[in-house]
Every structure is written in structure tokens, then in C-alpha cells.
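Asker: Once you've had a glance at the structure underneath, I'll fire off some questions.
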């Protein structure tokens with residue numbers, strides 16, 4: 001369990017540096033929708049492999065549409081959020097998105113408490129707000145390029161604020177809804193994943209053809225892109241285990257702790273420098289972990 005969580009922290013933290021390594025002349029050379037389709041397809045193949053290896057007896061079991069249909073909505077919510085991230089960039093700069101997207105911690109916790117009826121104490125709410133503070137601190141300048149101005153300027157329009165609010169709401173809703181399905185159904189996780197990722201592949205393929213993307217499906221791909229696909233697929237499978245046997249709150253802590261890996265890779269690969277805000281963020285995360293999981 002601990003190894004899975006550490007691996008997930010490493011994958012979350014390495015995602016942005018890996019994307020940077022993929023850039024050609026400062027631009028992402030591939031279609032992001034193609035990558036999402038391949039990630040969903042890889043998760044589907046892994047789920048089928050797990051099913052054939054450990055739950056082969058389930059292949060002949062009759063499954064009701066009532067077991068399958070809920071995963072269509074879950075996949076739809078995830079697909080909608082993936083596309084919303086792209087459109088939001090038109091109404092705000094990337095730095096603003098990084099700062100404001102931390103609000104999804106609050107939306108996820110609220111929906112988790114409301115829909116799953118998990119009452120959180122004031123101590124735990126304080127821990128979650130510390131995670132938000134950590135994310136904001138890091139996004140506002142936890143890393144600095146020695147050759148660029150240190151002052152960070154944020155820009156967002158009214159439409160951008162509306163979109164980021166919808167994004168945080170859907171992000172929390174998709175995560176909590178998926179956790180609810182995984183826990184309430186008396187089905188093995190490998191079979192549930194098979195349903196979820198089947199719809200994920202289907203919906204994202206529709207999105208790819210709907211967007212009429214220029215160039216080939218695999219155009220601009222490199223070995224780093226393949227690393228991203230495999231790592232994101234593996235992380236998706238780990239997160240399904242977390243939601244099935246733990247909770248979305250654990251997932252939030254994993255994402256926040258990935259700041260450490262992101263900073264380490266950024267300093268090592270791109271010669272960025274840590275600032276005071278990075279250490280503020282680390283302190284907030286450490287205190288949040290103690291408040292939420294520590295002995296009272």
C-alpha cells in the first residue's frame with residue numbers, strides 16, 4: 001500500500017517535467033487528446049489483463065446494465081474536465097490556472113463529506129485548507145528561473161473564473177461519484193475498471209474525431225510521450241485502488257505531496273531554484289499530514 005502511494009506521488013510529480021521534455025521549440029508537438037485516448041486504452045488493456053489473470057471465473061458471469069451504466073456518467077465527467085482544461089487556457093494564463101485549480105481540493109472535500117456522508121472534524125478541515133495553501137504557495141513561485149523576473153503576474157477574465165469554478169466542481173464530483181460507485185458495487189475492481197475505461201476510450205475517441213485534429217493520431221510522439229502514457233495509465237489504476245479501498249482524501253494528499261517530486265525534478269533537469277514559498281508549501285503539507293493522520 002505504501003509503495004503504491006509513493007509511486008503515485010512520483011508519477012504525479014513527474015508529469016509536468018515530462019511534458020516539458022516533450023516540447024519542441026517551446027511547444028507541445030502532439031495532440032493532447034491522442035494522449036488521453038492512449039492512456040485510457042492502456043488502462044483498459046491492463047484491466048483486462050488483471051481480469052484474465054486473477055478473476056478469470058468472472059468472464060462467464062452475467063452482468064446487469066445497472067452495474068455498467070453508472071460508469072458511463074463517470075467517464076463522461078472525466079472527459080468533460082479534460083476538455084475544459086484546454087478551453088480554460090483561453091481565458092487565463094497558465095500560472096493563474098495553477099493557482100486557482102487548487103480550489104478543487106475544497107470542492108472534492110465538500111462533495112466527499114456531503115454525498116458519502118463522511119463527517120470531517122475541524123482539525124481535518126484545517127488540514128485540507130493547509131493543502132490548498134501549500135498548492136497556492138508553490139504555484140505562486142515555489143520555483144524560480146534565475147534568468148527571469150521573480151515577480152509573478154496573474155491574469156484571469158470573468159469567463160475564466162466561471163470556467164475554473166465549473167472545473168473544480170466537476171473535478172470533485174467525478175472523483176466522489178466514481179468512489180461511490182466503486183464502493184457500493186459488490187464487483188471486483190478489475191471488472192469495474194473494465195467498464196470505466198471502456199467508456200473512457202469510447203468518449204475520448206468521439207472527442208478526438210469531433211475536434212477534427214490536424215495531423216496524424218501519433219504525430220509528434222516521442223519516447224517521452226510513451227513514458228507519459230504508461231505512467232499516467234499506471235497512476236489511474238493506482239487511484240482506482242485508492243478510491244475503492246481508501247478515499248478521495250488520500251488522493252488529495254498524494255497530489256499535494258507530489259510537489260516535492262516536481263520540485264526535485266525541476267531543479268535537477270531545468271536548473272530552477274527553490275524559493276522561500278517552496279519551503280512554506282512543504283511546511284503546510286507536513287502540518288496537514290500531521291493534523292489529518294496524526295494522533296490527536
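Even glycines carry a Cβ here, placed using N, Cα and C.
TrEMBL labels come from automatic prediction, so no person has curated them.
The model shown is predicted, which means the values in this text are computed figures rather than measured ones.
Heads up, here are the entries from TrEMBL:
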type	residues	note
TRANSMEM	32-51	transmembrane segment
TRANSMEM	58-79	transmembrane segment
TRANSMEM	99-116	transmembrane segment
TRANSMEM	125-144	transmembrane segment
TRANSMEM	156-182	transmembrane segment
TRANSMEM	194-211	transmembrane segment
TRANSMEM	223-242	transmembrane segment
TRANSMEM	249-270	transmembrane segment
TRANSMEM	276-295	transmembrane segment
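For the listed features, I'd like the structural context: burial, neighbours, distances.
Answerer: Below 8 angstroms of C-beta separation, residues 95, 98-99, 101-103, 105-106, 109, 150, 152, 249, 252-253, 256, 259, 263, 266-267, 272-275, 277-278, 280-282, 284-285, 287-289, 291-292 of the same chain, each at least six residues beyond the ends of the transmembrane segment (125-144), sit close to that stretch.
If one looks beyond the transmembrane segment (223-242) by at least 6 residues along the same chain, the residues whose Cβ comes under 8 Å of a Cβ in the stretch are 4-5, 7-8, 11-12, 14-15, 18-19, 21-22, 30, 35, 38-39, 42-43, 46-47, 178, 182, 189, 192-193, 196-197, 250-251, 254.
Same-chain residues lying 6+ beyond the ends of the transmembrane segment (249-270) with a Cβ under 8 Å from its Cβ atoms: 5, 8-14, 16-17, 20-21, 105, 108-109, 112, 128, 131, 134-135, 138, 142-143, 145, 175, 239, 242-243, 278, 281-282, 285, 288-289, 292.
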Asker: Can you tell me which recorded stretch out of 32-51, 99-116, 156-182, 276-295 has the most Cβ pairs within less than 8 Å of the transmembrane segment (194-211)?
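Answerer: When the Cβ pairs under 8 Å are tallied, 32-51 comes out ahead.
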Asker: Given pairs 6 or more apart, does the transmembrane segment (99-116) have at least three Cβ pairs under 8 Å with the transmembrane segment (156-182)?
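Answerer: Output yes: the transmembrane segment (99-116) sits against the transmembrane segment (156-182).
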